[in-house]
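Reading through the structure tokens given below for one structure.
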Amino acid sequence: MSGLRAFQGRWFVVKIGGELSSDRPKLAGSVGAAVRAFLAAGIRVAVIHGGGPQATELTNKLGLTPRMVAGRRVTDEATLEVMKMTLAGQVSVDVAAAFRLAGVPALCTTGVSAGLIDARKRAPQVLTGAGPEPIDLGLVGDVVDVNTALFERLAEAGVVPVLGSLSGDAQGQVFNINADTVATRVAAKLRAAKLFLVSNVPGVLADKNDPSTRIPTLTPAEAQEKIASGVIQGGMIPKVEESLAMLEEGIEAIHIVGISPAHALLGEAQGAGSFGTAFLRAR
Ligand SMILES: Nc1ncnc2c1ncn2[C@@H]1O[C@H](COP(=O)(O)OP(=O)(O)O)[C@@H](O)[C@H]1O
Ligand SMILES: CC(=O)N[C@@H](CCC(=O)OP(=O)(O)O)C(=O)O
């Protein structure tokens with residue numbers, strides 16, 4: 001625990017993938033317990049959660065067809081309704097319940113609230129792995145600004161802001177944003193000491209089907225090579241790309257870490273590369 005004291009007064013941002021919210025005791029015993037330890041060490045904590053799997057499941061139940069391009073969801077009006085129901089509904093409440101179980105004072109909402117995350121529509125752009133043409137993802141946003149003053153006030157009040165990855169603009173439009181993207185932007189704006197992307201895999205794997213092949217640390221060049229050679233695929237591509245883009249923006253270290261074992265997040269916070277994959281700015 002003593003190693004954590006070095007981060008007193010700094011921010012840690014923790015992103016949890018949507019699928020982790022379905023097992024409340026597991027989420028409470030891993031991420032919840034780690035966040036409690038961070039707070040006890042005087043660290044400020046913000047949490048961003050996704051809800052991709054739940055959204056896909058509800059989309060299918062409604063008889064609609066989910067469409068993902070390079071790990072991002074093409075979002076029309078009907079899809080945005082589904083994202084509101086899952087991110088601001090089911091997943092938000094399940095995450096709140098897990099943090100209650102862990103004894104963490106989490107205030108669960110979305111980036112739309114009080115302009116915590118200000119966004120605008122993402123212009124069509126070329127996406128890695130999706131061909132040479134620019135892709136229009138519909139009602140998908142880019143983060144324009146983060147209300148860091150409100151994050152600070154919430155932290156001073158002893159509250160952990162927990163945001164589903166919806167955002168909005170001052171005209172009242174709501175946007176869907178990949179939760180990894182929101183987390184990297186929030187961490188950069190808060191000049192976080194650490195960003196943790198907690199997922200269902202223990203880190204970046206040399207063989208994505210073999211959890212024993214975890215790569216402890218990666219330089220930006222090594223990570224780019226692993227994307228180009230196809231070692232890093234699917235949902236891991238935006239995670240790694242967003243991480244690399246933000247490393248130069250003031251975040252000291254970004255860690256991709258699993259939900260198992262329960263002490264993985266806490267252990268990774270105390271020793272980079274010990275339980276996950278760490279991207280370090282200066283190596
Ligand atoms: N080299 C790799 N190492 C680890 N995971 C990988 C790799 N390549 C692809 N993946 C896939 O990326 C997934 C994690 O991304 P994603 O499902 O988007 O996570 P989350 O929902 O937590 O954001 C893993 O479940 C895995 O199938
Ligand atoms: C634009 C975009 O792709 N948004 C994501 C937001 C949720 C998310 O990122 O959830 P996970 O962290 O569980 O993957 C989506 O619609 O799936």
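Even glycines carry a Cβ here, placed using N, Cα and C.
When TrEMBL records G51, G52, R73 as binding substrate, the matching candidate from N147, N176, N200 it lists for that site is N176. Note: the substrate site is recorded as G51, G52, R73, N176; in the same chain, G18, G50, A55, T56, T75, M83, T86, L87, S165, N178, A179 also have Cβ atoms within 8 Å of that site's Cβ centroid.
When the alpha carbons of K239 (site 'Transition state stabilizer') and G52 (substrate binding site) are compared, the span between them is 14 angstrom. Filtering K15, G51, G52, R73, N176, K239 by Cβ distance to ligand 2 (under 6 A) retains the following recorded positions: G51, G52, R73, N176. Fewest other C-beta atoms within 10 Å: among the binding-site residues G51, G52, that description fits G52.
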